[in-house]
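Colleague: Let me give you the structure first, and then I'll get to my questions.
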Amino acid sequence: MTQGDVELKVLRLPIYTGVVVSLLALIAAPLTGSQAILLDGFFNLVYLITGIFTYRVGTLLRRGASRRFPFGYAPLEPLVNLIKSLLIAGVSMLSVWYATSSLFEGGTDIKFGGALLYAFVSAAITIGMAAYVWLRYRHMKSPLVQGDLAARAIDALTAFGALLAFVIAYLLQAYGHTQAARYVDPILTLALVAMTVGIPWSLGKGALAELLYMAPPPSETDPIESKVRQALQALPLAALDIRTVRIGRSWEVMIHAQLQSDAHMDTHAADTCRKCLEAELLSQHSQLRPVLVFSYDAPEPLH
């Protein structure tokens, strides 16, 4: 089984569990009256929709470039993660609104027996799935799986927090603290949003940076650019301009080599340099595409 096959398998399995948990949540929420369960159901519904889209993108990435996408499907990876982060943020803001309204109205009455049963089943499924995706992600560098892992982490935290809170609320109600138990659900909803707010932010910020062709941090680009300089150091160059961006799992390296005015290079020599450079870079980065341009004109300066 190739790494691409493993990636698709990792992306496919959460779709099945997402269907199960979403249906359970959307059935349990009206029966128990819990906003936290409704939040969990919406989260899973978002993950289900984006999971199907993510799986589709994973299959497209295996095809390479086409006439419709002459530079490949790499931009779809950060696009999926950006959409996912925006949907999660939208569901979170809606949940904050309902939870705050519930607090001002004196809390929420919940049937804790059904809520506990749902929370236990949901926690078992989602925590198990998050652990599975995390174990797989450790052995592959896939932005799609990384985005899915972020979704699984939020899902698992939401389910575990709901289970813990419903246990506390059940005990409060059992010992006669009925009014305090009414506030558990809205407080839980706000706590879950606070716990997970950083994940869609970091996921969306990174995806947007890739879509805008922003330069990655020097810690990631310096090793690549150092390899380029080493490969071209024997050439009679007056200047060398290297611009590196990452889009999903793919790297784009644009290299403008300015030859000295008295230097001479024919097409065969330029092709030889390009092939040597590609071999050097691809030996360490399989998803990298260098573009090497020779000229006697100075590179356009960056501001």
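Placement of Cβ uses the backbone N, Cα and C atoms for every residue, glycine included.
Below are the features listed in TrEMBL for this protein:
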- 12-31: transmembrane segment (TRANSMEM)
- 20-212: domain 'Cation efflux protein transmembrane' (DOMAIN)
- 37-58: transmembrane segment (TRANSMEM)
- 79-100: transmembrane segment (TRANSMEM)
- 112-135: transmembrane segment (TRANSMEM)
- 156-175: transmembrane segment (TRANSMEM)
- 187-204: transmembrane segment (TRANSMEM)
Colleague: Under 8 Å between C-beta atoms and at least six residues away from its ends: which parts of the chain pack against the transmembrane segment (37-58)?
Modeller: 4, 7-8, 11-12, 14-15, 18-19, 21-22, 24-26, 28-29, 73, 76-77, 80, 83-84, 87-88, 91, 94-95, 115, 118-119, 122, 144, 147-148, 151-152, 154-155, 158-159, 162, 189, 192-193
Colleague: List, by number or range, the same-chain residues at least 6 past the transmembrane segment (12-31) whose CB is under 8 A from its CB atoms?
Modeller: 37-38, 40-42, 44-45, 47-48, 51-52, 55, 111, 114-115, 118, 121-122, 125-126, 129, 132-133, 148, 151-152, 155
Colleague: Looking only at the recorded stretches 112-135, 156-175, 187-204, which one has the largest tally of CB-CB distances under 8 Å to the transmembrane segment (79-100)?
Modeller: 187-204
